[in-house]
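Below is one structure, written out as structure tokens, with a few remarks after it.
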Amino acid sequence: SFSTPPNVLSFGLFPRLHDTNDNPPRFDKQTYTINMTENNPIGTLVMKLNATDLDEGLNSEIVYSFTLYTSEKTQDVFALNVNTGEITVKGTIDYEDMKFYEMHIEAKDKGNFPLMGQCKVIVHVTDMNDNYPEITIQSVKNTVEENIPVGSVIALVGISDRDTGDNGKVNLLIHQTIEGSKFAELILTKPLDREQQAVHNLILTAVDGGTPARSGTVSIIVHVLDTNDNAPKFDKSIYNVKIMENSPIGSLVLHLNATDLDEGSNSDITYSYSLYTSEKTQETFNLNPSTGEISVKGMLNYEDFRIYDMELDTVIAVVSVSDKDSGDNGVVDLHIPHNMPFRLRESSDNYYELVVSEPLDREKVPEYDITFTVTDKGSPPLSDNETMTLELLDVNDNVPQFPQSFYTIRVMENNAPGALLSSLTAFDPDLHENQYLVYFILEKEIANTSMSMLFSINPENGNLYALKTFDYEIEKEFLFHIEARDSGSPPLSSNVTVHIIIVDQNDNAPVIVSPWRAHGSVVEEKIPRSTDKGSLVAKVIALDTDSVHNSRITYQFLLVTDATLFSLDQYNGEIRTMRMFSYRDPRHQRLVVVAKDNGDPALSATVTIKLSTVETAVKAYSDMTEVPLEYDIFSDLNLYLVIGLGSVSFLLLITILVTIVLKCQKAKPSKAAPPCRNSVISERNSTIADSTLVSNDAYWYSLFLAETRKGKLVVRQPDVHQIQTSLTMSSTTFYISLTRCLHFFRIEKNIHLTCVTHTFT
């Protein structure tokens, strides 16, 4: 007899897998650092970013863009190709304008629900020697007196070069190299002599230290004004003229011609008799004060006067000597010490004149003790001496002198009006009214404000006062001149440069400019709950208008809901996640950030940021599409659902175990197992099938818990055919009414689909 083979139904499931956008684009680095020189031409490639996306199709196509944290200035200088990720030069890169640029780049895929990744590109600009040194004349004396003291400041020169390093080190060349600061003084090193050089053309050259070096020049022309430092000089010291007696009145005796090397009124010469010319001589001869012509004025009689002595030199004294001896014993010789600016001139027999031979300076030697020594020619010679004290009278020939040629005065801002800044006292070595000094501020306007509105000086003692309270954030320095003038006739004066530097106080608290919020309000931000570790959440930016030292800002948390969840960079204010969010983390996070400056005492400002985490919203697609749903994974309702599911699964497991035990106790042979979840299932006994079902049930329940902890819930539509097949697996399979069921599935590429269906009432 022939037996009919049992009908065996087998089938395989070969699903076509569709990619879902579950992988965000990723950069190989979080931060890229690039060094490039300034003045690179437009179009120069800075770098090419390359983000990768493990998805396929549109889900893997990436679009690059700048984020909101990239400043407009940076976007004006650099261009980003949205498709290739190439960053190129778009504008002018100038080191003197910006030392570095910071770009925040976002890579976003083209999925229906696009995912994104971020990175930061920092471009450090290297300085090139592209700026010429600049010389600015802060103040200059284009005309100076000939007798200006050595060490006087002729000009105050400002030196600057916008480059840095060796490129910005400037040497100022005149006759020597001056390395240095922002200001250089052009100082007189030796006395001026207008008679030798009346105009000085000074070429100042500033050379920087770059390679190749760049230079700048400026010309300063200084005119030397004449001072009356040259006495008139005759071509002879003594003129001997013979004239006939009874010469007619008006007859020309001599035409004197004195010359003076000075100019202007200082070279105008007036001729006159000295005090030592006798009245008789003055009555006999006429001296024209303008031309120097000497003519006969009265009757000349040889019998009355044979010699007329007319003194036109500076005679200090007339000394007469006598000796009662006769012959050689009565011949005398008069002399004075050789180290004095005087000399003796014999005017007539036994009369000597003491005249000046060198210029006198009362400030060096106010008086002289002149010893006259007379010696005869006898044997042995006899001698006598007489000492005369000569006291010099003062003339106003010295300009006031300041101890320093340049004063730098530091004034703390917020000073009290009327505060004493410094005492600028000059010295004049002259006497009496010639040394009485009066001080003035030379008028100069800054921003339509006169210096006399800002400062005052006591005209008697040179005390300098501030008339207003200064603010470093508005006014940082002042440069002006103070003049000291004596009371002589004519008055002499000199001036000094005063540089007032306002010193900053920490009187401005930081101001938080980002994230912007109304005064006193809370900043609210929303972030995905699936945010990765290290993601940028927010960036706090604060500004301080104080000086560089006081305005240095540091950031720190004042209050944070979970200190393990967020980190704050103390220098740039970036808030980033330290880990991923878990189901235990609250949905709302409160961060209080304090921005503190570097002053003493420090000032600060705070901002409160309220972060709300949101889930990614999606909808289910087809039967085989794994999609996340909008839900709060561990809300109270879902927690109860999981507990209920666990309880039902446990009861189902117990039931299946009891069934297996009962089946093993029966003596009947096993029947062929009906097709189940495997692609192709050979004949198996029901014990194997049931145990497979039990183990797979436990697996899918564990998988569900794991996936939900990751923030994902996977859903699969029920397969009616498989449900029917499962119900006919064996005679011991229980039928449970499908009043409520949960269906789970898992899709994996390149494998068969394994299905499990839990049913419960």
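We number each residue from 1, going along the chain as drawn.
Note: Cβ is positioned from N, Cα and C throughout, glycine not excepted.
Note that the coordinates shown come from a computational prediction; the quantities given were computed from them, not determined experimentally.
Shown for the domain 'Cadherin' (28-135): DSSP residue counts in helix, strand and coil, namely 10 helix, 48 strand, 50 coil. The domain 'Cadherin' annotation in TrEMBL covers 28-135 (among others).
Sequence annotations record features per position, and here TrEMBL assigns domain 'Cadherin' to 136-234 (among others). Taken through DSSP, the domain 'Cadherin' (136-234) splits into 4 helix, 51 strand, 44 coil.
If you look up TrEMBL, you'll see 235-402 (among others) marked as domain 'Cadherin'.
The predicted model assigns the domain 'Cadherin' (403-512) a mean pLDDT of 90. According to TrEMBL, the domain 'Cadherin' annotation covers 403-512 (among others).
For 527-630 (among others), the entry in TrEMBL reads domain 'Cadherin'. When the domain 'Cadherin' (527-630) is classified with DSSP, helix, strand and coil residues number 0 helix, 43 strand, 61 coil.
Positions annotated as transmembrane segment by TrEMBL: 639-662.
In terms of DSSP secondary structure, the domain 'Cadherin' (403-512) contains 7 helix, 51 strand, 52 coil. By the Cβ criterion (distance under 8 Å, sequence gap of 6 or more), the domain 'Cadherin' (527-630) is not counted as touching the domain 'Cadherin' (136-234), fewer than 3 such pairs being found.
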